[in-house]
Structure formats: structure tokens, C-alpha cells
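Novice: Before I ask anything, let me first share the structure, which is written out below as C-alpha cells.
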Amino acid sequence: MQLTLSDVVRFCDGVYTGTEDIWVKMHALPLRGVSIDSRTVRPGDLFIPLLGTRHDGHDFALEALSKGARASLWQKDHGNPPAHQPFVIVENTLRSLKSLAMMVRNVSDVRVVAVTGSNGKTTTRTFIASVLSRRYRTHQSIGNFNNEIGLPLSILNMPDDTEVLVLEMGMNHEGEIASLSKLARPDQAIITNVGEAHIGYLGSREAIARAKSEIVLGMGSGGTLYIPYGERCGEALVRKSPYIQSFSGRILTCGLLHPADHGEMAGDAGTGPDRAPKDGPDVWGRLLEDRGLFGSTWEVGFRAESGRADTLTLKLFGSFYGHNALYAYAVGRYFGLSGDEIAQGLLEVLPPKGRMTVYTSPRGALFIDDSYNANPSSLRAALDALIRLDGYDKKVLALGDFGELGAHEAALYAELARGPWWSSLHVLLYGERVAKLYELLKGLTRPKTLAWYDREEDFVSALERYDRPRVALLFKASRAAGFDRLVASLLGGSS
């Protein structure tokens, strides 16, 4: 649906304060989109000024109008807006943003796929969108637009001819996913996994699983929820959620098989590779080939289809991406795509910046930039990939602070310190919080090199000493640590 200025006034219960001649000319014209940023507003957009912790969008409303925005909302408690300009006074601009998105969703026949989880949300969303775009006009959340602001904007800015909308749903606290799900009303939903992300806010993995499970609260009985298979990924925790127990739709598990699972196959053991497991996940995947930096190849299928398997190839470094691809495969099959169509869609996906993105530095080292975010689960996956990487004399972990671990920080660091990777690595740590891991590693299996830095310049100097051919450096930290900036600097600004 194309919103008009008349729609905005009506659905936001607003009052138009501009001149009558502007209203006569503009009220029935379709708006191009909705923007909350005067720097990127386009001619024909509706500008919605929001109140942030550092900025007040109302201070930039006139700038947005000068750049061609057709109108701007104005929150009532900010007094009267500038005269003779196309403003619409509303009670609350954020609530109006959500109201407009809900109105568009309610009148649209677009099918919605929603993705949440502790790790892999953006990758899974990107995989699904690439797969479905092989057959459908598909729109997805842009960047990290996955909260109470970003998700409504994704709905409001989807093209009018969109057939499938793929949305990402993030959270820090209970109740947030519920609100997003009730707004988006997904037909299909995915919980990628339940890890330690946000455990500092929520207190336990059980609480995290319950919060992620809120995604079903906006779904109908005809919907399908895909959840991770196995205890390590949080299947049991998800199933215990009261929201899951009262969900009337279909639930399918998705999981990767390990070599030990190969004997538990349906049918005769000699019938070939296209056999589904007797037990285990409803949608299964098995690694056929790990080509390191050049990607991986997978055999995948549905347990209910013992005579069928498809082959998928990924161009991304890290076999853990197989789990994300499995969700895309499941959703693609639900939408009627063939195995070949799904495979082609996945083959076209390149890694997003900061998520195991691979660069060669000017000095010849391999940089693996996984600096977009960090928690213990994602660190374990990245270290597994680094350890399996062949052809490098030295493997270096450059690790910064984690966020949102709260009271669980000490226990989670202790668990990490007992991991199997450290004796093969050179470990350089930077930041106040990660100093605790440094102390633990000193007392356990010692890495080849172990150093901790509290000054960035010293940390960078140490990294530069490893920046040479046949050395692989993995950069990992929470986003607030600014490792993306550090990587770009070491690459000479080329990332």
C-alpha cells in the first residue's frame, strides 16, 4: 500500500498545520517512504523525528523538509512546529511510526518470514531473502533494522510489489520480541539458537529462550516455527517456553549431523548418500566438504523424505554457516522452491562486513574480521573455523571485550578458558573486561603467545608484529569495542 499524507493524518490521529495550498497539492500523493534521518531523507519521504538519547529529531525536521520531504510529524509536547510548513502534530512520534507500520501490514497480503536468535540472525535473514528472491519479489530488513524502530521502518519502506518480507527481530529484554511479532504477524519464523547473548540483561539461557519464543505471539495456527535441534543449541529450552507450549502452529527442528550420526540412517546402510536420519532433526544437514576460506558444501534434506537430499554450496568461510543455510533451505522448500533454486540463491550470498569477512592485508597477512559482535557462542564457532584453517604458520586471536554478560561473566569466561583451541593460538587480548579471561588462560592450557593490553596503541603495535604472510589473524569483540575501526586502520582504510 502506498501511504498518502491523508493516511498519515487519519491513522496517527494527527493535526495538519501546514498551508492549505500545500495540502491541496500533496495530501493525496503517494509518499515515497518513511525516514527518521535527515541525512538520508529522500524527496517525497515522510520524516518522523524521534527522541534519542543524544539527539532530538525535531531539531532536524526543517532540514528534512528542505531536502524534499513531503511532510514531517511533530510531537505534541514540543510546542508548536514552525509555521507555514507541512507538519502533522501527533501525540507521540514513535507510537505513530508503529501505528503506520501496523496499518500497512494489516492491509497488505505480503507473506512475512521473521528471524530471531542469539547468533546468526542477519546471516539467516540474508540467506532466506537471497533464496526466496529466486522466485518472489522479496524485501528484507536493511542492516541492523531489527528493533522497535527498525522493524516498522522495514515494513513502511518495502516496495509496493513486495510478495515476501523477511524481517529480523532483535531484543535486549523480555517483551520486545512479542511487540515486534504482533506488529509483523509472521507466517514463518525462525529461532536460530539460544546462546549467551543478552544473558546479563535476562539472567539465564532459560529466560533468553523464553524471550526469543515470543516470536510466535504474532503468528496464527497456520504458521510454521523452525527451531534449533539439540541441547547445545537450546531446543529443550525453547520447548519449555509457555509460548511454544501454547503455539498451535507447526514446529520443525533444524540441525546439522555429525560424523557419528552417519550410521543412524533410514533404510539399508548401502543405499547411498541420499538417506535421511532415522532420528534427529526434521530438517537435517551434513557437511560434505569444508574448503576453508573458499566455503563449504552440504547435503541437506527433510527426515520425512528418506529418498531425497539436495546439495548446497556456500562461499562463506566457516562451516557454522551451514546451520543458517539449513533454515533458508527449509523456508525455501516451504515456499515451493526446488533444490536447485535454493542452491543458486545461497551461492550468491557473500559475507556481510564484520562477520567472518576475509581480507589480505597490505603486508600479506590474512585478516578475518568478525568484529560485528561477540558472545561466547559466536567466539567458539569462530575459533573452530580458525583452528581448521590450513596453510598458515601462525594463527592469532585478537580478542576485545564482550558485552551484556552481567553476573555470568566469570562462569562464561571460565568455560571458554577450558576450550580446546588455546594451545594452537597466539592470543592478544585488549580491554578491561577480557582481562579476566587472560588471568584464567595463564593458569590453564597456555597459548603459544598470551598477552593482555590496556592501551590501544600497544595492542595495535603487537598486532602489527604479526601482520605478515602466512599468518592468520581473527578479530573478535563486541561492537562497542570498535574493532571494525581498528581493522580498517590496519588495512589502510581499505575494508
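Cβ atoms are placed via backbone N, Cα and C, with glycine included.
Marked as ATP binding site by TrEMBL: GLY117, SER118, ASN119, GLY120, LYS121, THR122, THR123. According to TrEMBL, the domain 'Mur ligase N-terminal catalytic' annotation covers 32-92. As annotated by TrEMBL, domain 'Mur ligase central' applies to 115-240. Among the features that TrEMBL reports, domain 'Mur ligase C-terminal' is placed at 354-478.
Locate each feature and note its surroundings.
Specialist: In this structure, GLY120 (ATP binding site) belongs to neither helix nor strand by DSSP; it is coil.
Helix, strand and coil counts under DSSP for the domain 'Mur ligase N-terminal catalytic' (32-92) come to 13 helix, 15 strand, 33 coil.
Each residue of the domain 'Mur ligase C-terminal' (354-478) gets a DSSP state, and the totals for helix, strand and coil are 48 helix, 31 strand, 46 coil.
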Novice: Hey, which of the binding-site residues GLY117, GLY120 is the loneliest by Cβ count within 10 Å?
Specialist: GLY120
Novice: Per DSSP, what is the residue count of the domain 'Mur ligase central' (115-240) in each of helix, strand and coil?
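Specialist: Breakdown, helix to coil: 52 helix, 19 strand, 55 coil.
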Novice: Please compute the mean pLDDT of the model over the domain 'Mur ligase central' (115-240).
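Specialist: Within the domain 'Mur ligase central' (115-240), the model's average pLDDT equals 92.
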Novice: Check each residue in the chain of LYS121 (ATP binding site) that is at least six apart in sequence and keep those whose C-beta is under 8 Å from its C-beta; list them in sequence order.
Specialist: VAL115, ASN146, GLU168, MET169, GLY170, THR192
Novice: Mind giving me a neighbour count for SER118 (ATP binding site)? Other Cβ atoms within 10 Å of its Cβ, every protein chain shown.
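Specialist: For SER118 (ATP binding site), the count of other Cβ atoms within 10 Å is 25.
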